[in-house]
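As recorded in Swiss-Prot:
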type	residues	note
BINDING	Gly8, Arg11, Arg91, Arg143, Arg146	ATP binding site
BINDING	Gly8, Arg11, Arg91, Arg143, Arg146	CTP binding site
BINDING	Asp21, Asp23	Mg(2+) binding site
DOMAIN	232-333	domain 'HD'
Amino acid sequence: MNIYAVGGAIRDELLGVPVQDRDYVVVGATPEQMVAQGFRPVGKDFPVFLHPDTQEEYALARTERKTAAGYHGFQFYFAPDVTLDEDLARRDLTINAMAREVSPEGALVGPVIDPFDGQADLRARVFRHVGDAFVEDPVRILRIARFAARFADFTVADDTLALMRRMVDAGEADALVAERVWQEIARGLMEAKPSRMFAVLRECGALARVLPEVDALWGVPQRADYHPEVDTGVHVMMVVDYAAKQGYSLPVRFAALTHDLGKATTPADVLPRHVGHEGRSVELIKPLCERLRVPNDCRDLALVVAREHGNLHRVMEMGAAALVRFFERSDALRKPARFAEMLQACESDARGRLGLDTQPYPQAERLRVALVAARSVDAGAIARGVGDDVMQIKDAVHRARVEAVKQALAIGE
């Protein structure tokens, strides 16, 4: 039995970046031998075991063969006679098809085992597929795009990009299950440069299949006096990258991605203006989230940001009553944490424009101060003093909040 560290751990070690995942392959062992040594079996489709002490995953060396369309259409072969090179050959990219032996004490020993020249591709900053079997797994399209968001200075090899296009043309991207699409998109959004993920997906044609609502944004013009970058797709990528640069949460980054979807459906005769795009964005986000089974926190923030971002940009023009109505409409009084994320998404929108990434955004501070004031009102005490009439209570609480905001912002009305 020989144990090897494989894949991302070796890649990241060579790149000098923190190792995010550690995967191990065991050559020359049977499932029974693994169990006898205290490993706990957890794999459904093929033998994967958890180490008794570290709980890290160890998989028996295996080969795989495509038997049907889609992500699950594989037949696996695992046995003590499967070699390390055979196991590495089934992997997606050369930079992920390297290994080092692990000593009984758990240390990496010996040279890097690199049968597909992954080290050369690391030096060249190139994503290159290992072999023709790459086309058998459509998830690899999404994985390469996600890696591009993490390693933003890498490019996709021409022959690899051609294979990805062939896969898309053959309908392989259509066979991807919703959960896996969302998983990879979400992980890519949380990388350092999410726009690179979408660039790769566009380049191979996959974005139009998995996120057609986003793909449709490129080529849609905006007013140059508001958007020097003009193209809506370019703007949205700048917004997402700004949110990533600030380290914002996944819900904020997803809201940044989807806030302007409605601009793709603006009638051609009114371009480059986009009156009413907020409502159209909401109507596109709803089915998108249902289709990809997007988590509720991401969906809910995306919807409120899409609907209200235009209003939020204009809050410097609002009086106290309008601000309180805005808080009530966006549920800021009950959900201040979500409202804080809404501010982050809208600030990203304002700064995700060509040459405007450092411009002041006083709207955020105005809203923070106003919200603290509005939430300081004791609605319970007011209700006890008014009586049982629900409408009277609501009106009295609203008026008290307006007065509190007036005082906090020194607004004379």
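Note that Cβ sites are derived from N, Cα and C of the backbone, with glycine treated the same way.
Each of the binding-site residues Asp21, Asp23 was assessed for Cβ neighbours inside 10 Å, and the highest tally belongs to Asp23.
Here the binding-site residues are Arg11, Arg91, Arg143, Arg146, and the one whose Cβ sees the fewest other Cβ atoms within 10 Å is Arg143. Confidence for the domain 'HD' (232-333), expressed as mean pLDDT, is 97. Neighbour list (Gly8 (ATP binding site), Cβ cut-off 8 Å, at least 6 residues apart, same chain): Val19, Gln20, Asp21, Asp23, Asn96.
Taken residue by residue with DSSP, Arg91 (ATP binding site) is part of neither helix nor strand, so it is coil. Taking the mean position of the Cβ atoms of Gly8, Arg11, Arg91, Arg143, Arg146 as the ATP site, the remaining residues of that chain whose Cβ falls within 8 Å of it are Gly7, Asp92, Leu93, Ile95, Asn96, Phe147. Reduced to three states, the DSSP call for Asp21 (Mg(2+) binding site) is coil. In three-state terms derived from DSSP, Gly8 (ATP binding site) belongs to a helical segment.
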